[in-house]
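As recorded in Swiss-Prot:
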BINDING   S191, D193  Na(+) binding site
DISULFID  C155-C169  disulfide bond
DISULFID  C219-C220  disulfide bond
CARBOHYD  N57  N-linked glycosylation site
CARBOHYD  N170  N-linked glycosylation site
SIGNAL    1-25  signal peptide
TOPO_DOM  26-237  topological domain 'Extracellular'
TOPO_DOM  324-457  topological domain 'Cytoplasmic'
TRANSMEM  238-262  transmembrane segment
TRANSMEM  269-287  transmembrane segment
TRANSMEM  302-323  transmembrane segment
TRANSMEM  458-476  transmembrane segment
Amino acid sequence: MNRPHSCLSFCWMYFAASGIRAVETANGKYAQKLFSDLFEDYSSALRPVEDTDAVLNVTLQVTLSQIKDMDERNQILTAYLWIRQTWHDAYLTWDRDQYDRLDSIRIPSDLVWRPDIVLYNKADDESSEPVNTNVVLRYDGLITWDSPAITKSSCVVDVTYFPFDSQQCNLTFGSWTYNGNQVDIFNALDSGDLSDFIEDVEWEVHGMPAVKNVISYGCCSEPYPDVTFTLLLKRRSSFYIVNLLIPCVLISFLAPLSFYLPAASGEKVSLGVTILLAMTVFQLMVAEIMPASENVPLIGKYYIATMALITASTALTIMVMNIHFCGAEARPVPHWAKVVILKYMSRILFVYDVGESCLSPRHSQEPEQVTKVYSKLPESNLKTSRNKDLSRKKEVRKLLKNDLGYQGGIPQNTDSYCARYEALTKNIEYIAKCLKDHKATNSKGSEWKKVAKVIDRFFMWIFFAMVFVMTVLIIARAD
């Protein structure tokens, strides 16, 4: 039972395959006959219209497949497109009933007339026309030509908001020799087709609207239509944020820290110059990417502003170091500086001497040696001049009486004791004067150092605020 059934199935399959092969053979014969009949007296050099005054309509559709390159420096967009053109050829029609219901054939595109649609704003010397692929010829004369093309078009790049910029690149297609009275061009859709677009790693495509334009040139009175596709691009900024912006922000916050570095370390100016050189390297990296235009990119403005801050901080650091190393030969700190800087600003900025804090009041304690010397000397000896010998002798007599323990009168050799005590008094006054001068000298130097430290701390917070505000403004403008 199964064997006859299998034989019957095999016979049916054989006859079906034979029938299909016979149909294909018949269609092939009719296609060859149709091709011979159509192109026997056909010329692809002339516009395929029966009336020479008639307008031939060409419909254009562009599909964006891939963005191959966006050269901002040379302002060239390289794109991979699929271009579809459709038009009617009045001389390539046939009756389907005469050719076994054959409704379409595919033939080489160079055998038929083709509209000379070119990319107006191409940016390369080589031809960017579509590839010579086959065309689909329908029985009613409708010709459809699908062909891929790699185009290089000029694109005006606005880098003002780089790396947060958006670009608009135009692709303008039109006939090169025919005017609008001979060949008219239309866009098949309101925008380019993005359904088969391959995502780009650097650019986001937000649309590709199409619009028809009719332009009249000064040389000719006839209109010249074209179809312009505007490619809306937005840059993916993550790469530039990580590699250019974040390092710049971190380096810019290092600039105020040069004021926090102790002046005695000798590295304040070196740090500022090193930061300035690092910013210069980043600036050169951005300059290599950007076109040489008058529009300065946003990140370039940030670099320039940061470099200006670093230059100013380095100059101020030199000034502060000059104040810090004021020695004994320098003038005393002015009164207004003592009040404004040492009294108020130092408290506001929490700048104190060693061992001093905001909770413990500052007491000026004299050295123990100086206190002992002044305790031994009467006030009259510290305030009177040396020409008052009479007063000095009286005081010396009192000292002799107290020190020698006499209860009665003064001994006869008082003059010798007076001479000794007078010499001793002069020595003590000299020592006290030296200690006082030494203290005044040290006090003068320490006051200038504290002034420099307060100014350092003041500029540090000022520059921190400026860098922070500048960074926020740049990010706000980018958004």
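Each Cβ is built from the backbone N, Cα and C atoms, and glycine gets one as well.
Keep in mind that this is a model prediction, so the values were computed, not measured.
Positions of Swiss-Prot features highlighted on the structure.
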{"residue": "N57", "record": "N-linked glycosylation site", "contacts (Cβ under 8 Å, 6+ apart)": "W87, H88, D184, I185, F186"}
{"residue": "C155", "record": "disulfide bond", "contacts (Cβ under 8 Å, 6+ apart)": "M70, Q75, I76, L77, Q167, C169, N170"}
{"residue": "S191", "record": "Na(+) binding site", "contacts (Cβ under 8 Å, 6+ apart)": "G207, M208, P209, A210, F229"}
{"residue": "D193", "record": "Na(+) binding site", "contacts (Cβ under 8 Å, 6+ apart)": "Q61, V62, T63, L64, W82, M208"}
{"residue": "C219", "record": "disulfide bond", "contacts (Cβ under 8 Å, 6+ apart)": "none"}
{"residue": "C220", "record": "disulfide bond", "contacts (Cβ under 8 Å, 6+ apart)": "N179"}
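Just going by CB pairs under 8 A, the stretch in 238-262, 302-323, 458-476 that sits most against the transmembrane segment (269-287) is 302-323.
Long-range contacts of the transmembrane segment (302-323) within the same chain, counting only residues at least 6 positions beyond its ends with a Cβ under 8 Å from a Cβ of the stretch, are 245, 248, 251-252, 255-256, 258-259, 263, 268-269, 272-273, 275-276, 279-280, 282-283, 286, 296, 448, 451-452, 455-456, 459, 463, 466-467, 470-471, 474.
Neighbour count (other Cβ atoms within 10 Å of the Cβ, all protein chains): 23 for C169 (disulfide bond). There are 16 other Cβ atoms within 10 Å of the Cβ belonging to N170 (N-linked glycosylation site). C219 (disulfide bond) falls outside any helix or strand according to DSSP and counts as coil. Secondary structure at C155 (disulfide bond), taken from DSSP and collapsed to helix, strand or coil, is coil. In the three-state DSSP scheme, N57 (N-linked glycosylation site) falls into the strand class.
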